[in-house]
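A.B. asks: Sharing a structure, written as structure tokens. Questions coming.
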């Protein structure tokens, strides 16, 4: 893996500028579709009601000045030069910031965390951690548990607003593009044509989602590029033809002049001006698909100048036309000779922008589901080659219905713009708050730097946010209502998930109970492999004890499987499986922890079963060889009959080959013990890292050595080698006999005396969601013939 990464780095250095330009071009269709279509509705929303276009042009020039400085300060300075640098292994977005914070401070509310997770290569800390005494903010955050919950609620709020934007952006973008028909039709015909055409386009857009964007994705960048060149050319034409001196309005003086004249109306009109930066968050959210240099290049040298020219051109035209026969809109500034081609390009660009936000909504819901903050939904990967392209049927149809409802219900750009503006600004405020914590905790900058960032950008965004709130009764209520509804669902699901984990933790069964099961108690071992799924990373889950109590038999090979999420975007395949024994080798019981990042693609059940058996076989070889060839240090804590060490000892089993023969060496540090071993097998060379929980102040011992095939052949006659072959034979025989998936079928209820709010959340809210969302067997794609469900009642 390291070798592949270094090769990629060398190749990228040689053609870095070519690669950056190619990625910059491709990013136009994915990242900038929403932002680039904002000129369609910014001026129309701004002049909808609060202010009027007058002969003095103070209003139009003031709005242009606000648009220019807003685009300069927020997307350019904040996102391009600051926020994009806060990537999580190349990934961006709200969860990336939360993941970074959780890795640098103990504020995560995710269950089943392990010290071994910190050894994942993508868990790296870019900056050395600060001493506890020097980071008061970190100590304060870790000390107050209520702040952990507040941080999660903040992240969920941003996530819900992104989902809300996924409802509003397609509606306002397509509606604004289609509304260009008003200049070519009578008012009577126009009002009966725009809504049906918009709804038809939206239905087609959502109906085609299951095919994936990779089939038409190659068209996205040319469409947006054409659109940007089109609005740039129109802007230049209007400036030259109507008002060459419009550039003077870029001065901040016109902002103060605008506010002085319009007073409260001007402040309220900021709710329309802020729409010029809608889509800016996509630069950060889609960072994982491209590179920082590509997104920076595309925005700085193409998107930003094109948008400024477009707004200046519209302002130049309107400065000479004060009594237009139609309301202020983008299309009045388009020359009549090119109006139809511009209309077609605008509709295509709005569809591309809508597609980007829909894909982003699917992605963020998948991340929320991975982190236990959203009910299980069906996730379909639409491309085998392009990572991250997913489709969620339930969410897709809900978004479509909501988009059409918004279009028919609001029927104008003003209400849609008010709703969209509030959602956009809330997401930006959340990003600013999280970014301030990243500056302190992850970048180790002085709190004064973070406070300056928070006050400067936060005050700008609060100004726009306050203007949006004044439009509550005129459309801004919709994103608030959607966010409250979604946050309630997400928080209830997360709360119940944590409570279920705590119940499992307090009701797990001891290892002695498992080892005591046998013929003397009337319990039989049947052929096959039994995969017991649990959230626990240690101990015997209560659902297995209930299974054996009701059906006094279990499989010859028993594997306790924990599929868990780690606060990183990706877990390398070579570090995904953490395998260990449960009890002595003769018992044939194992524990397997399968780790995924919040952007990882979960395997289908067939490949998962095959790979799990392969990793078990590798672990068995490693474990027997280790007992033969390790130092006395290993022998002291690796006895197969030692119950406690067997429960604690887990090894990372991967498929990464070493170059040459690894040397033997010991690295010491004040960390938990870790042993690394590489050895040859008949099939492959396997990388194994053993993780063992030890006492505080222990010394990490890192050991690397190789076991040659000749050694295996020379020891082939030993008793231990015979036992190894016997264990491997048992595993293969069990695989041929079949695999059973043992899952809990849960019902959760509250304890007596619980508060009314808790009873409503658990007894009604969570259980309703559980009954109406995908079950764990469907999420894992377990074939019904292999499924064994164990009824469990959780009293929390």
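Each residue, glycine too, has its Cβ placed from N, Cα and C.
Heads up, TrEMBL stuff is auto-annotated, nobody curated it.
Pasting the feature list from TrEMBL:
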- 20-40: transmembrane segment (TRANSMEM)
- 24-515: domain 'K+ potassium transporter integral membrane' (DOMAIN)
- 60-81: transmembrane segment (TRANSMEM)
- 146-172: transmembrane segment (TRANSMEM)
- 192-211: transmembrane segment (TRANSMEM)
- 218-240: transmembrane segment (TRANSMEM)
- 265-285: transmembrane segment (TRANSMEM)
- 297-318: transmembrane segment (TRANSMEM)
- 338-365: transmembrane segment (TRANSMEM)
- 386-410: transmembrane segment (TRANSMEM)
- 422-443: transmembrane segment (TRANSMEM)
- 450-470: transmembrane segment (TRANSMEM)
- 476-496: transmembrane segment (TRANSMEM)
- 527-794: domain 'K+ potassium transporter C-terminal' (DOMAIN)
A.B. asks: Pairs 6 or more apart in sequence, C-beta under 8 angstroms, 3 or more of them: is that satisfied by the transmembrane segment (386-410) and the transmembrane segment (146-172)?
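C.D. replies: They do touch: at least three Cβ pairs between the two stretches lie under 8 Å.
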A.B. asks: Using a Cβ distance cut-off of under 8 Å, indicate which of 60-81, 192-211, 338-365, 422-443, 450-470 has the most pairs with the transmembrane segment (476-496).
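C.D. replies: Out of the listed stretches, 422-443 contacts the transmembrane segment (476-496) most.
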A.B. asks: So are the transmembrane segment (450-470) and the transmembrane segment (60-81) touching or not, going by 3+ C-beta pairs under 8 A with a sequence gap of 6 or more?
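C.D. replies: Checked: the transmembrane segment (450-470) vs the transmembrane segment (60-81), in contact.
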A.B. asks: At an 8 Å Cβ cut-off, counting only pairs 6 or more apart in sequence, do the transmembrane segment (192-211) and the transmembrane segment (20-40) clear the bar of 3 or more pairs?
C.D. replies: no
A.B. asks: Where among 20-40, 60-81, 218-240, 297-318 do we find the most Cβ pairs under 8 Å to the transmembrane segment (338-365)?
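C.D. replies: If we count Cβ pairs closer than 8 Å to the transmembrane segment (338-365), 20-40 scores highest.
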A.B. asks: Count, for each of 20-40, 218-240, 297-318, the Cβ pairs lying under 8 Å from the transmembrane segment (60-81), and report the range with the highest count.
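C.D. replies: Out of the listed stretches, 297-318 contacts the transmembrane segment (60-81) most.
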A.B. asks: Could you tell me the mean pLDDT the prediction assigns to the domain 'K+ potassium transporter C-terminal' (527-794)?
C.D. replies: 72
